[in-house]
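Everything below concerns the one structure shown next.
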């Protein structure tokens with residue numbers, strides 16, 4: 001099999017929630033949450049054996065409801081969060097029921113990873129159930145859209161976005177209790193709702209970016225106050241955000257206008273760059289954790305696109321420079337006089353999916369490997385093309 005050939009896994013359920021294992025581990029692991037109306041919903045733990053090019057899966061039951069968002073603890077590989085839908089009955093009639101979106105913290109069973117299964121498929125036939133640690137009770141604040149773990153944190157702080165509220169939670173007692181330490185509220189006319197958010201890994205993890213409708217807002221978590229606003233960042237709904245891991249002021253966004261935009265949040269009048277490679281809504285944008293010129297975008301045009309955005313990366317001239325050097329101009333770049341930033345390009349377009357691609361994630365254990373998930377439950381694991389990998393490394 002070719003080194004760059006994709007590996008495809010089918011869940012047999014609809015799905016749109018995907019995350020990578022972020023706790024310290026050598027394993028290449030992705031977590032997928034399903035959306036099934038007829039059966040118990042599931043968390044699929046996907047371990048990829050890079051040497052043999054095979055997938056090992058384990059299945060855990062998530063009986064609480066359809067999973068819309070999933071997040072992995074940065075400190076404990078057995079702990080995760082989900083946002084899920086469940087029906088609530090407010091009266092005696094069936095018509096009085098309504099669907100609400102909830103959030104909770106879970107733990108995988110302690111004996112789950114002991115290798116006791118007879119075969120990799122055994123857990124799918126006799127799945128164990130996730131252990132509920134605590135609810136992130138947002139009943140007073142509305143429907144949960146997502147839960148964000150503090151980047152590189154100790155697993156003690158999460159943010160939940162619920163309707164027009166951002167709630168900062170402290171997890172205590174091994175995550176079995178959660179208390180709200182502070183909140184921010186989106187204010188304005190109409191029924192304002194957060195659609196997504198991203199916790200910045202910079203500034204000592206004191207900043208948050210959120211999307212609502214066509215706007216992007218930045219928040220200072222120390223005061224829970226707004227620090228910048230990009231009105232009409234996209235022509236239609238903003239779907240996803242991601243921070244450049246190496247350049248603290250750079251933020252990527254994508255939306256229903258089919259565009260991917262890159263922003264310097266110190267000057268939000270115009271995007272630094274705009275990509276228009278997709279032909280339908282763009283659901284997910286992700287920077288590579290180690291090589292920030294590599295950007296993944298996933299769309300309901302059924303395609304995943306890998307772009308090489310080198311001109312706005314931390315290595316625009318082929319070597320690592322920081323924001324201060326870039327903003328100080330040519331004085332620090334005698335060796336680069338007359339040297340143009342390298343050219344941005346689309347590296348690859350991946351078309352293994354047959355349905356809307358709702359999520360894409362880089363592996364935290366292998367910077368050259370990534371997964372994408374389409375609504376029909378197809379998970380595809382791909383690698384950065386070998387030629388580009390060696391060009392970046394050498």
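Using N, Cα and C of the backbone, Cβ positions are placed for all residues, glycine too.
Caution: TrEMBL annotation is automatic and unverified by curators.
As recorded in TrEMBL:
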- 7-306: domain 'EIPR1-like beta-propeller' (DOMAIN)
- 231-273: repeat 'WD' (REPEAT)
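Within its own chain, the repeat 'WD' (231-273) has Cβ neighbours under 8 Å at 195-198, 200-203, 209-216, 218, 279-290, 292, 295, 297, 299, 307, 309, 311-314, 320, 322-323, 344, counting only residues six or more beyond its boundaries. Confidence over the domain 'EIPR1-like beta-propeller' (7-306), given as mean pLDDT on the 0 to 100 scale, stands at 91. With DSSP classes pooled into helix, strand and coil, the tally for the repeat 'WD' (231-273) is 0 helix, 19 strand, 24 coil.
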